[in-house]
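Report on one structure; see the data block that follows.
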Amino acid sequence: MPGPLIVIDGPAGAGKSTVARTVAEAIGAALLDTGAIYRGLAYLARERGVDWDDEPGLAAIAATLRIEFQPAAEPGAPQRVLISSDEPGAETLDVTSSIRTPDISDGASRVSRHQAVRAALLDIQRAIAATSVESGHGCVAEGRDMGTVVFPDARHKFFLTASAAARAGRRHKELVARGQAPSRTQVEVEMARRDQRDSSRATAPLQQAKDAALIDSSELDVAAVVSRILAAVDPA
Ligand code: C5P
């Protein structure tokens, strides 16, 4: 029997990554972190000297991009992200932490605006989810356009949001824990810029799917959000 496909969309800092990872662990499903794909592309483009505004150049890299998610090095840590490309001689790079810098966050948001890039990455996302769903384990896919564009037919759709202050506070804490030290104001400004870009772009803007359940996590902890999702997916 196919496993469930659960999709979670929402803005940066709403808690999507942690919630999606916890839901996936709870039901033994794979985790599809689509932000990591855009981040991986931004990283590879930078390595190859391709500008984040060069749509054809980026689409060419996206067309040969290979991405693999592997279990985390330790429990509770983010899963490992490996990227390479179909091109002969391409090496595999472990970009787990190098794609989480503020610079690559900005790059991911810039490369993701381009229609040709989004189109080139559709198949990768659908293929990863299909493998996990068909195996019976299921997949939890998180991003910005899971419910609207990539998996419009998914049965379980959630839109996770929180107030701008709560989101900036969480992201700041996360960056500090990783040894980076931007100021809280810097995080707020960068996040607002990214939100604005993600919500206003012409292709696949950040948007709640009509049939997605809205969860506001401003006043909820991760456990509370996760239990709402699990209860909706498998009402006992
Ligand atoms: O979720 P995360 O912060 O890792 O995503 C990085 C950037 O990738 C987002 O700001 C957004 O611009 C882009 N993205 C997207 N569509 C997705 C996932 C991420 O446009 N499905």
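Using N, Cα and C of the backbone, Cβ positions are placed for all residues, glycine too.
All TrEMBL annotations are machine predictions without curation.
Quick look at what TrEMBL annotates:
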BINDING   GLY10, PRO11, ALA12, GLY13, ALA14, GLY15, LYS16, SER17, THR18  ATP binding site
COMPBIAS  190-200  compositional bias 'Basic and acidic residues'
DOMAIN    6-233  domain 'Cytidylate kinase'
REGION    181-205  region 'Disordered'
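Compute the center of the Cβ atoms of GLY10, PRO11, ALA12, GLY13, ALA14, GLY15, LYS16, SER17, THR18, which mark the site for ATP; besides them, the chain residues with Cβ within 8 Å of that center are VAL19, LEU160, ALA162, ARG167, ARG170, SER217. Outside the compositional bias 'Basic and acidic residues' (190-200) by six or more residues, the chain places 11-13, 102, 105-106, 109-110, 112-113, 144, 164, 167-168, 171, 182, 206-207 with a CB less than 8 A from a CB of the stretch. Ranked by Cβ neighbours within 10 A across all protein chains shown, the binding-site residues ALA12, ALA14 are led by ALA14. Neighbour list (LYS16 (ATP binding site), Cβ cut-off 8 Å, at least 6 residues apart, same chain): ILE8, ASP9, GLY10, GLU142, LEU160. Contacts of THR18 (ATP binding site) defined by a Cβ separation under 8 A and a same-chain sequence distance of 6+ are given as VAL222, in order along the sequence. In this structure, LYS16 (ATP binding site) is part of a helix by DSSP.
Taking GLY10, ALA12, ALA14, THR18 as the candidate binding-site residues, the subset whose CB lies under 6 angstroms from any atom of ligand 1 consists of ALA12. Other Cβ atoms within 10 Å of the Cβ of GLY10 (ATP binding site), summed over all protein chains shown, number 27. Across the region 'Disordered' (181-205), DSSP helix (H, G, I), strand (E, B) and coil residues number 17 helix, 0 strand, 8 coil. Mean predicted confidence for the domain 'Cytidylate kinase' (6-233): the pLDDT average there is 93.
In the three-state DSSP assignment, the secondary structure recorded for GLY10 (ATP binding site) is coil.
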